[in-house]
Amino acid sequence: MAARVLIIGSGGREHTLAWKLAQSHHVKQVLVAPGNAGTACSEKISNTAISISDHTALAQFCKEKKIEFVVVGPEAPLAAGIVGNLRSAGVQCFGPTAEAAQLESSKRFAKEFMDRHGIPTAQWKAFTKPEEACSFILSADFPALVVKASGLAAGKGVIVAKSKEEACKAVQEIMQEKAFGAAGETIVIEELLDGEEVSCLCFTDGKTVAPMPPAQDHKRLLEGDGGPNTGGMGAYCPAPQVSNDLLLKIKDTVLQRTVDGMQQEGTPYTGILYAGIMLTKNGPKVLEFNCRFGDPECQVILPLLKSDLYEVIQSTLDGLLCTSLPVWLENHTALTVVMASKGYPGDYTKGVEITGFPEAQALGLEVFHAGTALKNGKVVTHGGRVLAVTAIRENLISALEEAKKGLAAIKFEGAIYRKDVGFRAIAFLQQPRSLTYKESGVDIAAGNMLVKKIQPLAKATSRSGCKVDLGGFAGLFDLKAAGFKDPLLASGTDGVGTKLKIAQLCNKHDTIGQDLVAMCVNDILAQGAEPLFFLDYFSCGKLDLSVTEAVVAGIAKACGKAGCALLGGETAEMPDMYPPGEYDLAGFAVGAMERDQKLPHLERITEGDVVVGIASSGLHSNGFSLVRKIVAKSSLQYSSPAPDGCGDQTLGDLLLTPTRIYSHSLLPVLRSGHVKAFAHITGGGLLENIPRVLPEKLGVDLDAQTWRIPRVFSWLQQEGHLSEEEMARTFNCGVGAVLVVSKEQTEQILRDIQQHKEEAWVIGSVVARAEGSPRVKVKNLIESMQINGSVLKNGSLTNHFSFEKKKARVAVLISGTGSNLQALIDSTREPNSSAQIDIVISNKAAVAGLDKAERAGIPTRVINHKLYKNRVEFDSAIDLVLEEFSIDIVCLAGFMRILSGPFVQKWNGKMLNIHPSLLPSFKGSNAHEQALETGVTVTGCTVHFVAEDVDAGQIILQEAVPVKRGDTVATLSERVKLAEHKIFPAALQLVASGTVQLGENGKICWVKEE
């Protein structure tokens, strides 16, 4: 692709924007209106004289020049409504509307907005009468020394007074002497804040906020921050005074809160949001908002952008910034120094020749023009701030030294510039500061807060033998106080495995703690041990208090169910060890039993003993790597409704059903002396856990028809096409634990178990096994799952979900309303449908077809064709999504792109399109016009396989439609659409069911007649 973009403005900011956009392979030309000498004539960049104040003429110019989008640099056009006017004319424009730009154009509006939305800012009051303003300055209970013109004043409308008298004088200058014209008709008197000022900018599409690295500007003309205010004499980025944690706080409390507030007030804000922030001892506070890049901040921020600026802007315009978040160059600093004309910010001379550009560029520096012009082939001064020299180096001091070399190379008479840009950061970095543990990523205060929150939860698990009191070096347990006489100790440790991944994806952390406790206490129960106390280990990269508290609360609750004390634990915050949002868990259980109650009694187990199965609650905590793989290949998301028969819950909730804890209910049964062995069915499933409690040369035969198998296992088996052995070796298949008992004691044991509210069955028997033969055999497992996945109708079993014929997975490609999409959705929702729509892909954002898909719960993707160099690249991006969703058939429903040959060949015989005529008549995009012009009395529509030649593929179905007297294109189109809604779904069903195929000879083949 080769796009043309237009930038509005003439300063250093606009030159920087043009320079960065020209680096994109998507861009063939950058036009700048009106531009300067730096944007006049480079390889991709040139100026245009089009008026930027006549928005109607500008819109027409954009259409004639095929401008992809317009980027507005300065604030005045934004306040004048350029964005809304261009968008109304059908031209994409990057920036906020005039209504949203009031954040900058009206200081009063901005302050009132911040107050409404709780955005931290200085105390203030607005005035339209100078005497009232002065009275307020003199009587305020805070230093009311900042006087601001409420309107736009080219960045110079702020006066910071040193005394109340000076502040009153500033009021007179602004309001009576009209120092800033109409901008000063309303003024804002503000509290003087103490601290350092930084610039925090972000991209935003009205929802997502993508912060840029923080920068610091230098407003004063002279070194040491002396002299008058200017538009900015230099900047550097990133500002080390803003830590990552502080930037995140500014993002949440200022940038995101502002964007959310504008959305709530019905004025969505898109483009660049710039917050001038004062770093006070009470936290960051907003000094002002700007609605565009700062100048000269732009000259140090964009050089650090690694991403393609064109793609970032396009995704912002499309409302998809979250899919194209900018990436920034790390471990580098950009520093820029502005060279200004003699006399600036007052009167200055224009037309002074500038030399030395080649020498500066030879040093590896970027020179961004601002107030420059071309005169007789020479670059001359044409403004107060003339240009900026930018250096990008590994550190701030190196960048400043390199920039100074460029300043020495570039010469023009009377040039003034500062040599101390970055002095505050250098002083900050040179301060003797000891590194804190928190700066390295470990927040001890947050850890202490967590302990306070979980202490009462742990304390509630105290039991005989143990009084829980967190905070010591170790916990104690008194076996004698717990009633033991001659005890043995048993210990077990376990984790939760990749079930954690699902909990983290579903943001559901309150039940995973029970899984951890259950896995440990059920293991020691196999020794006959009563769980006494439990210890947990929680590790993460960054401590999230709410998540960690939810997990530990779940652990404490589970300890209560198990009858053990949560005696202690470890919360390990380890920066860089885990990605954001991820954590890991491990648990340790210690239990005890009297010496004569130890299990298993291997010497007592004999051939003919009975195997009793105890019901599981579901998957428990094993096999989740396989589960996640199956879900990824299925048509369901974790947020989808669970499969039929699995309850009114999401798939994620179903899979996260916590592991059953057996200690409280089964311990009395185990202590009866009638149980010979207990096996916890954990990793390794039925096949590998039961042999762990059997003597050599003995095994078990199990019959799956004797127990209830939860339907989730049937769904997993069907979706994953899992073998009987794979199911039995991976999952518990509905049996969470197994007891081995004698035949004589079986009925009593079953009664005892059921008394304790557990579901149990006789599921098999102990048998002799020859050496080398399988220790566990399970019969009827797959058959039981088939029945389990079925329902009884009219006395016979019919498939419910598990073994119905697999439906063809369909992708629908659209460009707009997707006129046939709804008909396809409705058809595939029918119970006997042979197809299911798994993904809808659009090459345009925010179109009606996407809304239809989302309402139907179908995943959507937007793949913007404008971001790709050619059709093949674009089609390859689509193909990746089709592979991701394991698509079988592609339907084109109003997809307005011509597909490339390789893509069509790959999907030959698997891609359908519909055309609004009876092909081969009236091919092309104006079929209805052709039908009306030729005077035919019958037209219609055709569903066909897609071929490389347009509308030339093999015909699957056709439907005739009469052409009536007096028909127009509109009336005929509506009548044909009704026929399309009928035959497109029908054709899809024919192909999905295998009734119609494209034969090897390239002709339609009817495999069977319906």
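Note: Cβ is positioned from N, Cα and C throughout, glycine not excepted.
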Record (Swiss-Prot) lists N6-acetyllysine for one of Lys107, Lys350, Lys438, Lys598, namely Lys350
For which of Ser434, Ser639, Ser802, Ser834 does Swiss-Prot record the feature phosphoserine?
Ser802
Feature phosphoserine, as given in Swiss-Prot - residue among Ser462, Ser617, Ser796:
Ser796
Record (Swiss-Prot) lists phosphothreonine for one of Thr56, Thr204, Thr682, Thr730, namely Thr682
Candidates are Ser10, Ser42, Ser491; I want to know which one Swiss-Prot annotates as phosphoserine.
Ser10
Which residue does Swiss-Prot record as phosphoserine, given the choices Ser440, Ser635, Ser672, Ser815?
Ser440
Please pick, from Arg871, Arg965, Arg975, the residue that Swiss-Prot records in the (6R)-10-formyltetrahydrofolate site together with Met896, Arg897, Ile898, Leu899, Asn913, Ala947, Glu948, Asp949, Val950, Asp951.
Arg871
Out of Glu190, Glu191, Glu197, Glu288, which has the highest number of nearby Cβ atoms, where nearby means within 10 Å of its Cβ, if these are the binding-site residues?
Glu190
How would DSSP class Leu192 (ATP binding site) in three states?
coil
Which entry in the list of binding-site residues, Leu192, Leu193, has its Cβ near the fewest other Cβ atoms, using 10 Å as the limit?
Leu192
Could you round the CA separation between Leu192 (ATP binding site) and Glu288 (Mg(2+) binding site) to a whole angstrom and send it over?
13
Pairwise CA distance, Glu190 (ATP binding site) versus His915 (active site, proton donor), rounded so that it is a whole Å:
66
One should report the C-alpha separation between Leu193 (ATP binding site) and Glu288 (Mg(2+) binding site), rounded to whole angstrom, as 13
Roughly how many Å separate the Cα of Glu197 (ATP binding site) from that of Glu288 (Mg(2+) binding site), to the nearest whole number?
11
Let me know how many other Cβ atoms fall within 10 Å of the Cβ of Arg220 (ATP binding site).
15
Rounded to an integer, what is the Cα-Cα distance in Å between Asn290 (Mg(2+) binding site) and Arg220 (ATP binding site)?
19
